[in-house]
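Everything on this sheet refers to the single structure shown next.
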Amino acid sequence: MLRALLLALAVAAAAAEKRKTYIVHMAKSAMPAEYADHGEWYGASLRAVSVAPKMMLYAYDTVLHGFSARLTPQEAEDLACVEGVLAVNPEARYELHTTRTPEFLGIAGAGGGAQGMFPQSGTAADVVVGVLDTGVWPESRSYDDAGLAEVPSFWKGQCMAGAGFNSSACNRKLVGARFFNKGYEAAMGPMDTDRESRSPRDDDGHGTHTSSTAAGAPVPDASLFGFASGTARGMAPRARVAVYKVCWLGGCFSSDILAGMDAAVADGCGVLSLSLGGGAADYSRDSVAIGAFAAMEQNVLVSCSAGNSGPGSSTLSNVAPWITTVGAGTLDRDFPAYVVLGNGKNYTGVSLYSGKPLPSTPLPIIYAANASSSTAGNLCMPGTLTPEKVAGKIVICDRGVSARVQKGFVVRDAGAAGMVLSNTAANGQELVADAHLLPAAGVGEREGMAIKSYVASDPNPTATIMVAGTQVDVHPSPVVAAFSSRGPNMVTPEILKPDIIAPGVNILAAWTGKAGPTGLAADTRRVGFNIISGTSMSCPHVSGLAALLRSAHPEWSPAAVRSALMTTAYATYSGGSPLLDAATGATGTPFDYGAGHVDPSRAVDPGLVYDISDAEYLDFLCALKYSTTMIAAVARSRDFGCAENRTYSVGSLNYPSFSVTFSTANGDGGESSAAATVTHTRTLTNVGGAGTYKVSTSVSGAAAQGVAVAVEPTELAFTSAGEKKSYTVRFTSRSQPSGTSGFGRLVWSDGKHSVASPIAFTWT
């Protein structure tokens, strides 16, 4: 009786203490002999500390060994002390990072390009791209399986039935669909099934857009309201697609993401695409990094979005060196709209508005800050506009805080006739088009300031908005998107991130039938394709291109594929001038674009690659001074320890780029004038024919001019494919003020191939 009472009190106390989801990493080899399998052991370990042992959500076996469970902080602390437990980490919440691209990338030709790079499906080179996102709209024409052979025999995935989704929804193109919601519902409570589907069905549109961008089938006559009309196709149109729904209205929870990655790797995906992120964290506590490490070990390439927190520095997500981190650039396509003022001035912006146009006669125009009693009235937040002041007028709203399309809804709801959406300093001249609910145009910061100046100075200001459709061959392009997150890498400054940029602005791809193009509840329009922007869009471009390379070169490792994409990327326009940054209009840097903009037609034949083995990544963790327990958390509890008699160096990781950090402080805490030398070693693997490569280096920026770059040897001769040659680079510099940076480039060339690596110098 007393025991029952004590147990009841313990249950009540635990219930009073708020539970959270924790990811529990277990040492697989430490399982006691009395347990028949690891699942039984995990359950016993949980029961040892929890009065509510049914709180286990998932057991993991592929991308990590362990489980996730709902625990109180005290239970989590107790569990960390249980024999065989490596780490107990709180769950993290991730957010989504939200066509002409085949032509822009040079892979649209029927006789070559994508078709020539990608063998016919049904061969040993068949590739499945696993997309972890918001699910899929299987009725989209982008998942048509016409012309595809039977699903490859290695595929072990399944098509999970659920609300509004039958197992028959999959086919030879969409070969798998699963959903993972235990972590989401444990954290947020039961989902509202009137708003989202407990199934792989995509209620949001984001997942359908990303998966069709990566590997959608060709769809002729695709467009959004006539904008961007043409054939929409994924980067790898003959690859297979498998979707893993891990993102919901309340976000993407790491327990669900790990379960999705666990399934995707076990199912047989060759590429994983994750357009989501949760900021930068130590690798031993980063669920995506941990899952990606195991995927890499099993020969799966993981491509992730860099984040949409630019243009601020050190804003990257997904920076582990075994992840391909993708930033965003623009296309050579635009959707111009013109704001014509009463003084005769004409300013160019962008718009995807397709409804009834404004009258031909100009309308009064007003700045939202002057039509509101709110201190943030300029932002056109809900409830801030005074209807009597904006009725029948065009309203100027400043970009920021709330969604761009929501501002238009607020303006329309207040009775206004149109909207000019003005960038601020945070967005500069970057223009992102939207399918607004009223006549509207987005303009750059300079244009917005000019329009607001006119409104402030004219006693009766007027304007009109004209939407002009689709324009192609826009130059310069690409430019780095202002929203694209930037380096330096705050977790490991010696690893340059992002790795690469790809198209991520105004991208046309398939869409859900559940939501309108703006995603607003008030938007009752339904479309088959939508145009949206974000590193969420650039990531699946690279995922699809990786599938192309894996099909063309099935023997390449994930590191070799990434190397081919990076070393063949371009950082200058055809005339030789450097890529520009949309945020400033000035020259971009490797902290913005990494190795440069992806160039798949060159990546298929890179000449040389920088390959990286599993053991080299473990050495990298040793160089970071990771403990045995931390390494086990990342590398799935393997029996590995750093050698005490060996010196490890981050600069020895065989990465395709260089990030060189010089210390400016002397022993007294002041600045040293002595020269500092940082040494990096690299090994190149020949994936082409015989050839002799010679090296060249260049630097840019005033600070970098004082850096001496010495490569030894300066020439590498290869006689056969698979041959490896190593070299050493010594970077020598006198001290610069802390926080200074500079850049450079190192290129090996045999006259046919140019194997280029960006260099970033930082003085700390």
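Cβ coordinates come from backbone N, Cα and C, glycine included.
Database features (TrEMBL):
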| type | residues | note |
| --- | --- | --- |
| ACT_SITE | ASP133 | active site, charge relay system |
| ACT_SITE | HIS206 | active site, charge relay system |
| ACT_SITE | SER536 | active site, charge relay system |
| COMPBIAS | 192-207 | compositional bias 'Basic and acidic residues' |
| DOMAIN | 21-97 | domain 'Inhibitor I9' |
| DOMAIN | 126-596 | domain 'Peptidase S8/S53' |
| DOMAIN | 380-451 | domain 'PA' |
| DOMAIN | 653-760 | domain 'Subtilisin-like protease fibronectin type-III' |
| REGION | 188-217 | region 'Disordered' |
| SIGNAL | 1-16 | signal peptide |
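Here the features listed in TrEMBL are placed on the structure.
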{"residue": "ASP133", "record": "active site, charge relay system", "CB count, 10 Å": "29"}
{"residue": "HIS206", "record": "active site, charge relay system", "CB count, 10 Å": "27"}
{"residue": "SER536", "record": "active site, charge relay system", "CB count, 10 Å": "30"}
Residues of the compositional bias 'Basic and acidic residues' (192-207) by DSSP state, where helix covers H, G and I: 2 helix, 1 strand, 13 coil
Confidence summary (mean pLDDT) of the domain 'PA' (380-451): 94
Structural state census, the domain 'PA' (380-451) (DSSP three-state): 21 helix, 16 strand, 35 coil
Pairwise CA distance, SER536 (active site, charge relay system) versus HIS206 (active site, charge relay system), rounded so that it is a whole Å: 8
Integer Cα-Cα distance in angstrom, HIS206 (active site, charge relay system) to ASP133 (active site, charge relay system): 7
